[in-house]
Amino acid sequence: FLDTNFLFLSGLIMASAIEEWNLHRRIALRVLMLVGVQPARLILGMMLTTSFLSMWLSNTASTAMMLPIANAILKSLFGEKDTSKDMNRENEENQASLQQNKLYTVPTEMQFLASTEDKDLTEEKEVASDVPSDLKKEEEYKTNIWKGFLISIPYAASIGGTATLTGTAPNLILLGQLKSYFPECDVVNFGSWFMFAFPLMLIFLLLGWLWISILYGGINLRGWRTKKSNIRVDAEARAREVIKEDYQKLGPTKFAEQAIFFFFCMFAIMLFSRDPKFIPGWASLFAPGFISDAVTGISIVIILFFFPSQKPSFRWWFDLKAPNTETQPLLTWRKAQETVPWNIILLLGGGFAMAKGCEESGLSVWIGGRLHPLEGVPPPVAVILITIVIALFTEFASNTATIIIFLPVLAELAIRLKVNPLYLMIPGTIGCSYAFMLPVSTPPNSIAFSSGHLMVKDMARTGLLMNLMGVLLLSLAMNTWAKSIFQLGTFPAWANIHAENATSLLTAVENVTLSAL
């Protein structure tokens, strides 16, 4: 149970407080009001908001929150989708009985494929018989935009999670395993990671938005000058009203929301400025090793448990007749207990224990010794190959499991190649989050797919180019600005110490084996 677990816990508690007071919903609706209601702009607004939220909340929570907002906007733009109605009718009884027994299910892939294909056939017959060509085009446009909206949200959540150390579990596993394998390595912290990953996230998000908008008709390359139909103008006006109405339902900003926003900003600024590397951080005021990211995060979120959720009155102290009523804090421990996914924290700890076991037993050294064929590969090519292999592997396996398996191997391979271990370990870690092609790849993909409007071929077609873009952008980042942030151009002293320990451990293992023989 390393301090990395406590850093993750502080992020989860902050996310619980944000969700408790609906601050995330207010931010999302405000961004959508600013970007406008044209489909391409709305997709951009959705992606920016989802990625920002998933930097601090879990990717799954961000997707689950944004999808209902997207559905409400889409219904106001185009009306109710028929496929979802039919799916609801077919599965209503099953889901009702399952929910009575406290079981929740996501409809299977085959159900979606069958219902969508059947519906498509009936729609084609109706269109062919009595619908004019203009309405047919409008129907195709509507279906494509609907798909573009739904597919952009899980993709943005996966991309946004890479921007902060607390954004997704693989980032924290990298931090924990670095402390285990290379105790002297202090290059990776919240600030340095953010400086590296945030620009990468923004570039990838912009390119991803362009790809999704072009593919699904949000941006029409041929029709920049074509006039909008009256149907679309009316639909956009309705969508604008829906967003405005949802925002007004939240009411005026509460004191609790303002307080949470203040502590959230303080949380981010304190973590970023602790030790940003390019200038001395505030941690330099203390003894070395006394302050870590975990200490910073936990110190701030503890305040949430006693800070009042209503504006305190100073008159109370001087009014002897004032009632002694209990004040509700911004976050109660009961709420934190219910909302924090403790299983993920245990999973992180299990991953660190597994990594330590691989190191202590000599297994990682043994695996590294079997990587001779890769020793002649140029490091930039190795980065691309590693990212491709891990991005494909994580399409079928859990991101957390994937990185736990690969990081020890990448650390040993880097030592064999005599390159900075971070040069291979960081692309491996971020590559785990680039799982876009299948519904089973990540929970956000599954949530979007369970809406019933997406098919496997939609995700595969869109996700293939997203994966390729991710691999190339990550390679570009590692060979440009990451080199100066993490000093990747040299083989560091902290890696040398590990290499010497590994050699002595391997010799000891061989001696034990020979003596046994």
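Just so it is clear, glycine is given a Cβ too, placed from its N, Cα and C backbone atoms.
Feature annotation from TrEMBL assigns transmembrane segment to 149-173 (among others).
The transmembrane segment annotation in TrEMBL covers 193-219 (among others).
Look at TrEMBL and you will find 255-273 (among others) tagged as transmembrane segment.
As annotated by TrEMBL, transmembrane segment applies to 285-307 (among others).
Taking Cβ pairs closer than 8 Å, the transmembrane segment (340-357) reaches residues 1-2, 4-5, 8-9, 12-13, 16, 58, 169, 172-173, 176-177, 180-181, 363, 400, 403-404, 407-408 in its own chain, all 6 or more past its ends. Marked as transmembrane segment by TrEMBL: 340-357 (among others).
Distant neighbours of the transmembrane segment (377-410): 168-170, 173-174, 177, 181, 344, 347-348, 351, 354-355, 358-359, 363-364, 367-368, 371, 417, 419, 421, 423-425, 427-435, 437-438, 440-442, 467, 470-472, 474-475, 478-479; these residues of the same chain sit at least 6 beyond its ends, with a Cβ under 8 Å from one of its Cβ atoms. Positions annotated as transmembrane segment by TrEMBL: 377-410 (among others).
TrEMBL lists 422-442 (among others) with the feature transmembrane segment.
According to TrEMBL, the feature transmembrane segment maps to 462-482 (among others).
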The transmembrane segment (193-219) vs the transmembrane segment (285-307): 3 or more CB pairs under 8 Å: no
Intrachain neighbours beyond the transmembrane segment (149-173), with Cβ under 8 angstroms and 6 or more residues off its ends: 4-5, 7-8, 10-11, 39, 42-43, 46-48, 50-56, 58-60, 62-63, 66-67, 70, 73-74, 188-190, 193-194, 197-198, 200-201, 204-205, 208-209, 212, 216, 293, 297, 344, 347-348, 351-352, 399-400, 402-404, 407, 429-430, 432-436, 442, 444-445, 447-448, 451, 453-454, 458-459, 462-463, 466
Remote residues contacting the transmembrane segment (422-442) - C-beta distance under 8 A, at least 6 residues beyond either end: 59, 109, 154-155, 158-159, 161-162, 168, 170-171, 173-174, 177-178, 185, 187-188, 196-197, 200, 379, 382-383, 386-388, 390-391, 394-396, 399, 402-403, 406-407, 410-411, 413-414, 448-449, 454, 456, 459-460, 462-464, 466-467, 470-471, 474-475, 478, 482, 486, 488
Sequence-remote partners of the transmembrane segment (255-273) [C-beta within less than 8 Å, at least six residues beyond its ends]: 10, 14, 17-18, 21-23, 26, 56, 190-191, 194, 281-282, 293, 296-297, 300-301, 303-304, 307, 309-311, 330
